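These notes concern the structure reproduced below.
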Amino acid sequence: MPCEGCMERDNVSAGATMEFLLLGFSELLRLRVLLFLIFLIVHLVTLAGNMMIFMAVVMEPSRPPMLFFLCQLSAIELCYTLVIVPKALLGLAAVDGSTISFLGCAAQMHLFVALGGAECFLLAAMSYDRYVAICQPLRYAAVMSDGLCLRLALMCGLGAFAVALGLTAAVFRLPFCQSHRINHFFCDVPAVLHLACTQSYAPELPLLAACVLLLLLPFLLILASYVCIAEALLRITSSVGRGKAFSTCISHLVITLLHYGCATFIYIRPKSSYSPARDKVVSLVYTNITPLMYPLIYSLRNKEIRGILRKMLRRKKIAQVN
């Protein structure tokens, strides 16, 4: 049965005037200034790091497939943080939280899910690149052509966009209760679903379907790629050669574990286990800390990125001298 105080109006007709209140971290009033400064610094460093990698790869005339995918990953992380963090900073600046319109909340959810899903698909494409490089090195240049990389990138973006659109439409077709207070710092799917005036598990089915398409399917592809990679590494007799081959996968493995660990914890669980405080902490990790770590991990582990960054610094010094 629907909960008490459900809206009698349809969400579509009420969308022009309905607003949600993002509570954010309103319970931590004394730490508001400190949190604002920390979030702002982390956000600026994240933007600078991902922008640096994006520009470095774009300016490089010869880009191997892994650098092409890394450039797309940096672009996704740039958009990812811009969708979430500025609104969260506004929420910290306001004492009682910040408001967001019905359409604004739907747009934020759609972009957030689409970008996160595109990252899942992209990580699967990157694992396939590593599989071809290690298991079929002689055919690598022929298989991972520019055309295939471009098609994979487009499929990642369009596929995630379509799934996110379906999920967002399903969520915002639900009737919402009179209380429009979202106990979160952005319009996350579980937080908005918690406001739905329904006692059944039907509203969770679109989220479950999206998790299968955006999380489970790419994860199985990544797992299959690394099973083949592990078998290929076991056939390498030289420990030095095995170490070099494995080192090319470490950065991708670390990022995959970070991304899937947080996403699985938040989205693959029943509605009854929803915990606003716990969700906000985990969301802080994958919307602020994880995007900050990506450029650090790749700039430290990837020799090609380090070489490109050194060339950029040399060109800058030469320009300053001239």
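Backbone N, Cα and C define each Cβ position, glycine as well.
So that you can see what the record holds, here are the features copied from TrEMBL:
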type: DOMAIN; residues: 49-298; note: domain 'G-protein coupled receptors family 1 profile'
type: TRANSMEM; residues: 33-59; note: transmembrane segment
type: TRANSMEM; residues: 66-89; note: transmembrane segment
type: TRANSMEM; residues: 109-128; note: transmembrane segment
type: TRANSMEM; residues: 148-172; note: transmembrane segment
type: TRANSMEM; residues: 207-234; note: transmembrane segment
type: TRANSMEM; residues: 246-269; note: transmembrane segment
type: TRANSMEM; residues: 281-300; note: transmembrane segment
State the non-local partners of the transmembrane segment (246-269) in its own chain: residues 6+ outside its ends, Cβ under 8 Å from one of its Cβ atoms.
116, 119-120, 123, 126-127, 130, 133-134, 188-190, 207, 211, 215, 219, 222, 226, 229, 233, 279, 282-283, 285-286, 290, 293-294, 297-298, 301-302
Distant-in-sequence neighbours of the transmembrane segment (148-172), which means Cβ under 8 A and at least six residues beyond its ends:
11, 15, 65, 68-69, 72, 102, 105-106, 109-111, 113-118, 120-122, 125, 128, 189, 192-193, 196, 203, 206-207, 209-210, 213-214
